[in-house]
């Protein structure tokens, strides 16, 4: 763990009346916020021979190592931190000027370079020139079970149950799943110029059909610690995400200049979202993987005397920022039955996307209420590197906890109702 002191963005808090941006009902007071964020724009995590075999064109180079956060990705995250500071000032949670009080803001990050740097960039945007510690587990060379208890052996998947659940969501089989998405696969083949690829030309010489789904059959693989898909589905998810990362990185010709409108982006990223729908949002997977984060979120949102937790943070606190991965957002969505699509953003779990949990207190009776939302930069905001503020905000989608039995006039779920939903979603064997 280290304290950082980063002069990144000047903190300009406009003197805007609180009522313009805070809750319309003045009897509600914001008391605590938990933000679970995907890391920012990164380089691809791998460069495989298969990636080259499916296109005649060379893949562009990146300015950082595989899987690392790019400097531009850090800037985009800092913009989100800057926006959140303005919003939290408007809602009365943070002061307009100066650094947050000691312990008022806590940041936890997974051990990867891209997540640690995301925590630093968010801190730089939220509180420039302030020493804020980015906490990780002590051993940064090993996976952190907070973000994946399966990978670390805390708990195991039930192979038969998970297989049945995923195949049911797929429509009966993975072949059915790919069959219903041929339009999107054809669009990917067009962007790749797949007919001129080594893989396709080789198949044609052998009088074999040249399509991604036939050349690369997909198979579901379930083990005690992971679920995955092989073949065209897995490849398509990775490649379409890479195209989006190219666009967000500001590269001159994402997808070799062959992606030109929002319809094409939505069609391509539907393949990425579809894989996440199967592998990360299926409740039989999501509930296990999300349990440690659910426990942490519940602890952070529940009023109680301050207690020091793992990572050295004291909870509850005003703001808890957790820098993780797209899988974490999808797992939490699947476990809590939160569903969303993002206007202007084809990726349902985009770089820098934030699943935000807020606890509000009703002043008339001190009752506690939970609001959940998804805050995200649109693809155009990423492309243009648009600075964010209350006047130029990121996208935001308010989410509904389907199982909540008690709501207030603003649609928030009671803290008791939220706690019950979390307790029913979590898998005790996967707790830390």
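Just so it is clear, glycine is given a Cβ too, placed from its N, Cα and C backbone atoms.
Quick caveat, the model's predicted, so the values are computed rather than measured.
Annotation source Swiss-Prot lists signal peptide at 1-22, citing experimental evidence.
The 1D-myo-inositol hexakisphosphate binding site annotation in Swiss-Prot covers 38, 42, 43, 44, 45, 46, 114, 289, 325, 326, 327. Within 10 Å of the Cβ of residue 43 (1D-myo-inositol hexakisphosphate binding site) there are 21 other Cβ atoms, across all protein chains.
With a cut-off of 8 Å between CB atoms and residues at least 6 apart in sequence, the same chain places 69, 73, 77, 112, 114, 115, 117, 118, 323, 324, 325, 351, 352 near residue 39 (active site, nucleophile), listed in sequence order. The DSSP secondary structure for residue 39 (active site, nucleophile) is coil. The active site, nucleophile annotation in Swiss-Prot covers 39.
Residues near residue 99 (disulfide bond) in space but far in sequence (CB under 8 A, at least 6 apart, same chain), listed by position: 127, 129, 130, 131. The disulfide bond annotation in Swiss-Prot covers 99-130 (among others), and the record cites experimental evidence as its basis.
Summarising the annotation, Swiss-Prot assigns disulfide bond to 155-430 (among others) and lists experimental evidence as the type of evidence. Counting Cβ atoms from all protein chains shown, residue 430 (disulfide bond) has 22 others lying within 10 Å of its own Cβ.
Counting only residues at least six positions away in the same chain, the Cβ atoms of 54, 194, 210, 215 sit under 8 Å from the Cβ of residue 200 (disulfide bond). The disulfide bond annotation in Swiss-Prot covers 200-210 (among others).
Annotated active site, proton donor per Swiss-Prot: 326, in sequence order, evidence recorded as a curator's inference. Under the three-state DSSP scheme, residue 326 (active site, proton donor) falls in the helix class. Other Cβ atoms within 10 Å of the Cβ of residue 326 (active site, proton donor) number 19 in total over all chains.
Taken from Swiss-Prot, the feature disulfide bond covers 404-413 (among others). In three-state terms derived from DSSP, residue 413 (disulfide bond) belongs to an extended strand segment. Counting Cβ atoms from all protein chains shown, residue 413 (disulfide bond) has 24 others lying within 10 Å of its own Cβ.
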Request  = Please report the DSSP secondary structure of residue 430 (disulfide bond), reduced to three states.
outcome  = helix
Remark   = Note: in the chain of residue 45 (1D-myo-inositol hexakisphosphate binding site), residues six or more apart in sequence with C-beta under 8 angstroms of its C-beta are 66, 67
Message = I'd like to know which of the disulfide-bonded residues 155, 404, 413, 430 sit within 10 A of residue 326 (active site, proton donor) at the Cα level.
response = none
Nearest recorded site to residue 43 (1D-myo-inositol hexakisphosphate binding site) by CA-CA distance, among disulfide-bonded residues 404, 413, 430 = 430
Task = In whole Å, note down how far the CA of residue 327 (1D-myo-inositol hexakisphosphate binding site) lies from the CA of residue 430 (disulfide bond).
result = 16
Task = Determine, using Cα-Cα distances only, which of these disulfide-bonded residues is closest to residue 327 (1D-myo-inositol hexakisphosphate binding site): 155, 404, 413.
result = 155
Key: Other C-beta atoms that fall within 10 angstroms of the C-beta of residue 404 (disulfide bond)   = 18
